[in-house]
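Among the features that TrEMBL reports, domain 'Connexin N-terminal' is placed at 42-75. The domain 'Connexin cysteine-rich' feature in TrEMBL is assigned to 141-208. Under the heading transmembrane segment, TrEMBL lists 20-39, 77-97, 128-150, 185-209.
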């Protein structure tokens, strides 16, 4: 990954964000993205390999694992982080569009040129709506994924032992999850940070509307 380009994108997002937006961005990329990359990926790297059932019946372990883990935590988090950060980059693209349009008008107008965007990054008109909708979309994405996690993994927790009696298991078997306590701690951490991000997005949206 080219961290220079990534840093440039983050600086662009910060440049056009409010104070609440900067706090949200710091929370996402320090407490969510970095935790995901540095620690969470390794915690879930052995979830299938070390999912043990007390049976030697071929296929039983795979079927039970698929039933209790329909979608991996780590893949859901990756999708969540991608979707929740994309709207911020749309704001940068909107500002870049304004700047390009201003440049074209300047070149075409010559002496008769009339500036329509004195400050392309100022949140007015279409850019204000883009920014507001990006906040609503980010909060909505986090809420939807929190609901998905709750539906897949009740109370956001993993049990130490699950009982499975799905075919081709010969009878009810006990299956053991690898490092459930550690995974529960990381799950709780990611859920709490997502909730804080939702609150920050809603507060920033209220601030933006009130300021206007």
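Each residue, glycine too, has its Cβ placed from N, Cα and C.
Curation plays no part in TrEMBL annotations; they are all automatic predictions.
Where in this structure would I find these features, and how exposed are they?
Beyond the ends of the domain 'Connexin N-terminal' (42-75), by six or more residues, the same chain brings 36, 149, 152-153, 162, 164, 166-170, 173-179, 182-183, 186-187 to within a C-beta distance below 8 angstroms of the stretch.
Per-residue pLDDT, averaged along the domain 'Connexin cysteine-rich' (141-208), amounts to 88 for this model.
Beyond its flanks by at least six residues, the transmembrane segment (77-97) meets 9, 12-13, 16-17, 21, 25, 28, 32-33, 36, 40, 120-121, 126-127, 130-131, 133-135, 137-138, 141-142, 145, 190, 194, 197 of its own chain at Cβ-Cβ distances under 8 Å.
Here the transmembrane segment (128-150) has long-range neighbours at 16, 24, 73, 76, 79-80, 83-84, 87-88, 90-91, 94, 156, 187, 191, 194-195, 197-198, 201-202, 204-205, 208-209, 212, meaning same-chain residues at least 6 beyond its ends whose C-beta is under 8 angstroms from one of its own.
Remote same-chain partners of the transmembrane segment (185-209), defined as residues 6 or more beyond its termini with a Cβ less than 8 Å from a stretch Cβ, comprise 18, 20-21, 23-24, 27-28, 31-32, 35-36, 39-40, 43, 73, 77, 80, 84, 123, 128, 131-132, 135-136, 138-139, 142-143, 145-146, 149, 153, 156-158.
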Give the nonlocal contacts of the transmembrane segment (20-39) in its own chain as ranges (CB under 8 Å, at least six residues past its ends).
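Tertiary neighbours of the transmembrane segment (20-39) are 10, 13-14, 74, 77-78, 81, 84-85, 88, 138, 186, 189-190, 193-194, 196-197, 200-201, 203-204, 207.
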